[in-house]
């Protein structure tokens with residue numbers, strides 16, 4: 001039964017980017033925002049293919065527990081951080097009392113419970129899920145997404161993968177993320193994600209996983225074989241896909257995290273010639289590929305990075321969302337407006353005379369402000385305390401045993417939490433939620449397990 005769960009989990013990790021889903025219900029319309037109404041992603045309920053896989057894992061896990069008579073309650077609440085997370089979930093549930101749209105709130109709360117359960121499942125089954133195998137599935141999925149991104153960029157349209165949930169992409173379609181350059185509008189690739197920024201976060205994580213696996217290979221470095229060239233090609237494809245998203249924040253975050261990774265990883269190679277050689281090759285390749293992409297894409301990069309201003313739509317909307325969140329928090333500091341109800345209550349806090357298109361009705365692009373606005377500052381306090389406790393515990397474990405596994409997972413987690421200051425998808429969209437809760441589970445488990453470096457078994 002555990003073998004079945006492992007394969008289901010591997011399939012879940014590979015399927016993480018897919019938007020394949022059914023729309024279960026839609027609440028209201030956007031007419032109160034000054035538009036004629038229309039579908040809104042954040043006021044609807046969905047059942048995703050990945051929800052189906054999580055349900056199968058849950059059923060398999062439950063059946064195994066019934067057969068063995070062991071439900072593992074002690075392992076669920078085995079640490080201080082587990083109780084903090086439970087407190088956060090309870091406060092989110094209580095906040096539903098103040099939700100205007102109770103149905104939407106219940107749906108979003110059930111989604112939170114689903115992913116918190118997944119967090120505990122991955123954390124408590126870390127030793128048997130075979131982390132290196134799971135992350136190879138994630139890496140393979142990321143290469144596939146990067147290839148799709150390249151295809152979409154060259155086509156400047158979607159490529160017909162509706163079954164996998166590919167968004168309809170067209171430069172003239174409202175709400176599609178575009179790159180404005182003189183005399184042209186170019187779509188930014190999505191892969192099968194709902195937005196290029198989420199694709200960029202996924203590809204960034206996959207690149208760091210490649211770093212981890214490649215440096216963990218203990219084979220002597222000699223003549224470069226075909227398998228080695230294929231790995232470099234996969235790395236090239238991932239990095240190209242990342243830069244094609246033109247996600248300013250995530251590209252900058254990736255570069256900074258990469259500098260930190262190569263700086264801190266030096267201490268692992270003091271007495272290891274093979275590690276030193278591999279690290280040097282990886283550092284040079286990263287720098288060369290990055291320079292090539294920045295040089296070849298310099299007109300697009302300048303158009304995206306060089307003309308950032310408050311007048312830009314993405315910036316002005318983020319500023320507006322922040323103002324709305326601040327007003328919500330000021331009016332409901334302890335209770336919030338109810339879990340999952342930010343978009344439902346936005347119209348009450350819009351400046352007079354302001355209207356929004358249906359695609360622009362989105363949560364505040366800051367997961368911490370979003371939590372405070374929806375469930376109050378006490379809920380935010382427990383969420384932050386939970387995150388801080390996980391990070392501090394990992395840093396403590398790194399001091400005891402400095403491993404690539406822990407370093408990589410910590411940097412990915414910190415990058416995600418930093419990105420959360422400027423975007424909401426880690427708490428609001430299926431793919432973002434999967435990324436956040438799985439990486440938090442892996443980090444928590446890795447910091448708790450005694451290991452020299454579990455990735456040494458991988459043959460990257």
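Just so it is clear, glycine is given a Cβ too, placed from its N, Cα and C backbone atoms.
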Listed range which TrEMBL flags as transmembrane segment, given the options 134-153, 154-173: 134-153
Cβ-based contact of the transmembrane segment (198-214) with the transmembrane segment (404-422), 3 or more pairs under 8 Å: yes
Non-local residues, at least 6 beyond the ends, that sit with Cβ under 8 Å of the transmembrane segment (105-122): 9, 25, 45, 51, 54, 57-58, 61, 76, 82, 85, 89, 92-93, 95-96, 99, 129, 338-341, 433-434, 436-438, 440-442, 444-445
